[in-house]
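Annotated N-linked glycosylation site per Swiss-Prot: Asn28, Asn58, Asn77, Asn126, Asn177, Asn212, Asn282, in sequence order, evidence recorded as sequence analysis. Here Swiss-Prot flags 1-20 as signal peptide, drawing on sequence analysis.
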Amino acid sequence: MYFFRALLSPVVLWPALVSGKSNSNTANYTVEELWDLEVTFWDNFLYPANVKQVEAINSTLFTTEVQGRVDITRVFNGSELNTEYIFGLFSDPNHLSLVGVPIAYSITQFIAERNIASATTVVTFNATSFGNLLLPVTIDTWIMWDANGRIMQYDATFRWFGFLLDTLVEALATSINGTASQATAALTQLLATTVCDTHDKYCTGENQQYDNSTACYDFLTTAIPLGKDYELGRDTLLCREVHEHMVQYDPKMHCPHIGPTGGDYCVNDQTYEQKVLQKYFNVSWIVGVPWTGNIWLGD
């Protein structure tokens, strides 16, 4: 659910080179062409267009080896995984979900050069699980495209996500005529029940993670925390809520993510410093200056 922070670099965006590691598919688009590519992505992010992207399994909007990072969750590699998370996570209005489905957007900030665009987009979500509450969600993005107009890298931040979670809890508290604490407890129960139902349906045989539904529910409600706004990629219930949506697409891959171990995604394997300094991207986001000291570039 989790989605895009774009803090613009203070360097001048000159049409020179993309510093750091080179890429044979590096393109040189006009600003208008990059705007069109940006709009194409967001058009397909909305429901129900995102359903068609999910059904494609490997969205043609991504390169095969696309790299993606979302601040509140983790990094995502490859077109299939990114198709499941970027489009599949928000594609079912009838399934319990924190923010529901995206129904409209407005790009409020945009700057672009060569094959990179940095933008801020306010996406309106219909939180169908919270009485069709309409929520404006601010998503900051850096996106890089290859010569074929496919996304090869993206870096995303959900701005004010903690405020968003508090707003959802307040809405739930109002609906149950209770306190914020009671609403948080109710949300925990709802999410745990949904995760366990999904586990029982899809995580069978070698993919089974819990002995039974009771063991699943007890673990999710007592052994791990619900999670804070930055913990949708840590050992929390909120992280498992994110991955629960993906289980139906690939049980073998995603069942461990909702299980007790958390798989490779819902685990506390990073300190704050390690999160910030993680070397990940293959191509530098710095454009037009001979700077080779980008600490985010992978080895």
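Cβ atoms are placed via backbone N, Cα and C, with glycine included.
Bear in mind that the values here come from a model prediction, so they are computed numbers and not experimental data.
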Using DSSP and three states only, what is Asn177 (N-linked glycosylation site)?
coil
Applying a 10 Å Cβ distance cut-off over all chains shown, what neighbour count does Asn58 (N-linked glycosylation site) have?
16
At a 10 Å cut-off from the C-beta of Asn212 (N-linked glycosylation site), count the other C-beta atoms across all protein chains.
12
Could you tell me which three-state DSSP class Asn77 (N-linked glycosylation site) falls into?
strand
On the three-state reduction of DSSP, what should I expect for Asn126 (N-linked glycosylation site)?
strand
With an 8 Å cut-off on Cβ-Cβ distance and a minimum sequence separation of at least 6, pull the same-chain contacts of Asn126 (N-linked glycosylation site), or say none.
Tyr47, Pro93, Gly100, Val101, Pro102, Ile103, Asn132, Leu133, Leu134, Leu135
Of the glycosylation sites Asn28, Asn212, Asn282, which one sits closest to Asn77 (N-linked glycosylation site) when you measure Cα to Cα?
Asn282
According to DSSP, which of helix, strand or coil covers Asn58 (N-linked glycosylation site)?
coil
Given the glycosylation sites Asn28, Asn58, Asn177, Asn212, which one's Cα is the least distant from that of Asn282 (N-linked glycosylation site)?
Asn28
